Amino acid sequence: MLILSFLCPAFLNAQIVTDERMFSFEEPQLPACITGVQSQLGISGAHYKDGKHSLEWTFEPNGRLELRKDLKFEKKDPTGKDLYLSAFIVWIYNEQPQDAAIEFEFLKDGRKCASFPFGINFKGWRAAWVCYERDMQGTPEEGMNELRIVAPDAKGRLFIDHLITATKVDARQQTADLQVPFVNAGTTNHWLVLYKHSLLKPDIELTPVSDKQRQEMKLLEKRFRDMIYTKGKVTEKEAETIRKKYDLYQITYKDGQVSGVPVFMVRASEAYERMIPDWDKDMLTKMGIEMRAYFDLMKRIAVAYNNSEAGSPIRKEMRRKFLAMYDHITDQGVAYGSCWGNIHHYGYSVRGLYPAYFLMKDVLREEGKLLEAERTLRWYAITNEVYPKPEGNGIDMDSFNTQTTGRIASILMMEDTPEKLQYLKSFSRWIDYGCRPAPGLAGSFKVDGGAFHHRNNYPAYAVGGLDGATNMIYLFSRTSLAVSELAHRTVKDVLLAMRFYCNKLNFPLSMSGRHPDGKGKLVPMHYAIMAIAGTPDGKGDFDKEMASAYLRLVSSDSSSAEQAPEYMPKVSNAQERKIAKRLVENGFRAEPDPQGNLSLGYGCVSVQRRENWSAVARGHSRYLWAAEHYLGHNLYGRYLAHGSLQILTAPPGQTVTPTTSGWQQEGFDWNRIPGVTSIHLPLDLLKANVLNVDTFSGMEEMLYSDEAFAGGLSQGKMNGNFGMKLHEHDKYNGTHRARKSFHFIDGMIVCLGSDIENTNMDYPTETTIFQLAVTDKAAHDYWKNNAGEGKVWMDHLGTGYYVPVAARFEKNFPQYSRMQDTGKETKGDWVSLIIDHGKAPKAGSYEYAILPGTDRKTMTAFAKKPAYSVLQQDRNAHILESPSDRITSYVLFETPQSLLPGGLLQRTDTSCLVMVRKESADKVLLTVAQPDLALYRGPSDEAFDKDGKRMERSIYSRPWIDNESGEIPVTVTLKGRWKVVETPYCKVVSEDKKQTVLRFLCKDGASYEVELEK
């Protein structure tokens, strides 16, 4: 049974959970099943971790505490379907550290089955989560009915609380620390290696600190302080808010011992997942006892202290409150060597810890607590991880997001010693390598501007990671510790790409990860920080491109009233205005809206921009998943990357947002993501069936195709194309296939599909041309009498559509749907234009063109004389030409078996993307791309079940995910003799009057181009 705890003092000390396996010692009498040998046992209120009491155990040398009852141990599921393991969980309090260990023994009818040691060389609370079958010595057995805790060969006293004899837990997350260093020994998860990495040693030698280095340390400290703190005033309202929040924790001292409301990390609730009905992973946060709010308050107090006058009563009060909170949280186990049993993703909970301690460095020094605080920060920031020279480029995006601030704070907390200098050199090198382009699907940044987390381009995680990366690049800029030009330029290119695919600030829907809610945005401040960090080569004090990008982005209402998602870094408007003013005073001006074309091979994304609009295509492949689904996140977005094409637009002079582009969540039919070819399912069937499929992953779904061909080409950064072989995963409708292409030529986007097929006889297959929300009177009036005219359609947002095939218009006022996270019903007024391929189609196809920012007159003229003609549209290739633009666009799904139509390009020796632009009578621009990332070659690495169906497996289980993109040679044969200036990636194989043969070496899904001359 769960005992609810509300945010008021009377409830904050309530026992969290009651269960027969859980001992919290809240009754006045000792439980009858507990006895002692050479021990004194009692219930104590001196220290407590759950409720207000704990078990006090005073022992003689080798004394024993015995608990006799069924321990409820359960073996692991022999079928392998349930991956959880039985764990023993306990919290121990020690007043006097001893360099010794107690032994936990688990017996069945008096016979010892399993055991583990627990070190007691600490003061305060420590926890252990120990899996019986993986972490303990011996062999646990079902029916074990006794727990013994054996004292060391010395007397002492411990307090025990929150003891759970056995409960099934996610076996990935238990964490080793100084007390239980053997737990989960095989893990390499970057959240869980605090103990292992605390043992790392430096490879950079200690050297004396020179005067110049001492000056740089002061500069770094000033820059960091300015980064995390802006001088202000302490208002009476702020002081009163702090007092109220502080009082909730009921911190008191008695006989030199501190106590107060117990504080946990959010993941501690995972102990109860299999113990209580309606378990909520955020229950501790809702109960007001999670440490994120605690550290946020500590930071708030630190800021108030720094904002108050020296010697003032408020300053003295804030100092007292901070030190009391410091003592209490240290006592609660936030200390060197402690991991609370389960610590995964703790970085989000302790974010306020680092700036809070750093801002109170002088106070901690005066109180004699600075060394202890330094060690605490270095432990949780895993600062020793920076010691060894990185073996390769890249680090996890979470490290940039949650560890950079902590690591630099833990280092800058130190006095100016050779050890501090050694840490700074190691840290700047770690940042440098972390910012460089990472291989394969590794985090964080890609050579093409992609920003990776969860093995895909993921802007929602990138905004947090870029906060750390940009701040650290700025911090070290123009010092002897500055990052390399490659590292600096890579992060700059990521930001330039992000401001290209976002419009104006918002992520495209298909690039929103598991948050398709229209709220995710880039962070203009990242551009500001990079602007004042100077140029990548270190020669310029300002970066002009970053400055002008920032001034364009910040001119939007970037801090609007709507609630920003939790994952977005918080930035003050005052800070934005301050840097904007500085840049303008230095002569910088906002850039115009970006124009051109961008292809992200490491995102399976193509973007075309003209005027203020953008068109964003996204697909998926055997390397890059289609959508990420969690329980309660993105329940219906299965088709987000099934060849989608979103038009982001607004009337001239207005800021582009999802709303101005005709999108809202209310009433949106998740089957009809624009551009996709999909089976139109009832929402119950479209809803993700989220599973825990292996030990490498949690409860999540990220499905892959078995096709390598998916991605885009960009010619001269102005035009491009995109192609994909669509093959849905067998988990749902594995017979569904299509060949899809988009051709981006100036202000025209031509969309082609062929070979659409599946065997689903129950529901129709559709290609969605548009689905738009109708939200105001003008839009309702527009659609009242508008049903299109034959091949020409104009929507109410100024986008024109040329549809030479049969299409169906739907006006659903209202249209019902569901929220992506809760599944709650929504409704809104929507219009859709779709191509219906019928049920179980075979050899289905479509053709249409989109002209954003146009008018009906232009569209009518276009329909009479389209600016393109399709030369081939079948399983092998989609080829079209635009005579007025002198462009021929090739999406070659298969190796051509005969001469290609279109003139210049006669054949290629493999599938690829090609674009040819005739620049003059005897000059041609030729662009070639191979969208296959070639992280491995040969057939797709599928595993099949007994029925021959592709099994669902997590991306994290694949051995090739960190491989470099392989080089794929692409040989093209051109009609006639052409002169080519060879490059490292393009060589002439042969040439004569009839033909010229070139070989391109393609990798990274990149586009390679050469100029041909007669």
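Cβ coordinates are placed from backbone N, Cα and C, and glycine is handled just like the others.
Given the structure is predicted, the values throughout are model-derived calculations rather than measurements.
Of all Cβ atoms in the protein chains displayed, 16 besides its own lie within 10 Å of the Cβ of H345 (active site, proton acceptor). Among the features that Swiss-Prot reports, active site, proton acceptor is placed at H345 (among others), with the record citing experimental evidence.
Here Swiss-Prot flags H454 (among others) as active site, proton acceptor, drawing on experimental evidence. H454 (active site, proton acceptor) falls outside any helix or strand according to DSSP and counts as coil.
The Cβ of Y461 (active site, proton donor) has M397, D398, N401, A451, H453, H454, G513, Y567 as same-chain neighbours under 8 Å, each 6 or more residues away in sequence. The active site, proton donor annotation in Swiss-Prot covers Y461, and the record cites experimental evidence as its basis.
Annotation source Swiss-Prot lists Ca(2+) binding site at S24, E26, D50, H53, D161. DSSP gives D50 (Ca(2+) binding site) a coil state; it is part of no helix or strand.
Feature annotation from Swiss-Prot assigns signal peptide to 1-14.
Among the features that Swiss-Prot reports, site 'Important for catalytic activity against all substrates' is placed at R172 (among others). A 10 Å cutoff on Cβ-Cβ distances gives R172 (site 'Important for catalytic activity against all substrates') a total of 19 other Cβ atoms nearby, all chains included. DSSP gives R172 (site 'Important for catalytic activity against all substrates') a coil state; it is part of no helix or strand.
Summarising the annotation, Swiss-Prot assigns site 'Important for catalytic activity against dermatan sulfate substrate' to H344 and lists experimental evidence as the type of evidence. Its Cβ placed at the centre, H344 (site 'Important for catalytic activity against dermatan sulfate substrate') has 20 other Cβ atoms within 10 Å. Classification of H344 (site 'Important for catalytic activity against dermatan sulfate substrate') by DSSP places it in coil, neither helical nor stranded.
According to Swiss-Prot, the site 'Transition state stabilizer' annotation covers R514, on the basis of experimental evidence. DSSP assigns R514 (site 'Transition state stabilizer') to coil in the three-state reduction, outside any helix or strand. Neighbour count (other Cβ atoms within 10 Å of the Cβ, all protein chains): 24 for R514 (site 'Transition state stabilizer').
Neighbours of E628 (site 'Important for catalytic activity against all substrates'), defined as other CB atoms within 10 A of its CB across all chains, total 24. Annotation source Swiss-Prot lists site 'Important for catalytic activity against all substrates' at E628 (among others).
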Top Cα neighbour of D161 (Ca(2+) binding site) in the set of recorded sites R172, H344, R514, E628: H344
Here the Cα-Cα span from E26 (Ca(2+) binding site) to H344 (site 'Important for catalytic activity against dermatan sulfate substrate'), rounded to a whole number of angstrom, reaches 29
Who sits close to H53 (Ca(2+) binding site): which same-chain residues at least 6 apart have their Cβ under 8 Å from its Cβ? S24, F25, E26, I43, S44, G45, D161
From D50, H345, R514, E628: recorded positions whose CA lies within 10 A of R172 (site 'Important for catalytic activity against all substrates'): none
Nonlocal residues around D50 (Ca(2+) binding site), in sequence order (Cβ under 8 Å, 6 or more apart): Q15, I16, S24, W91, D161, H162, P262
Excluding S24, E26, D50, H53, D161 themselves, the Ca(2+) site's Cβ centre has within 8 Å the residues Q15, F23, F25, Y48, K49, G51, K52, S54, H162
Taking the Cβ of H454 (active site, proton acceptor) as centre, how many other Cβ atoms lie within 10 Å? 21
Restricting the comparison to the recorded positions H344, H345, R514, which residue's C-alpha is spatially nearest the C-alpha of E628 (site 'Important for catalytic activity against all substrates')? R514
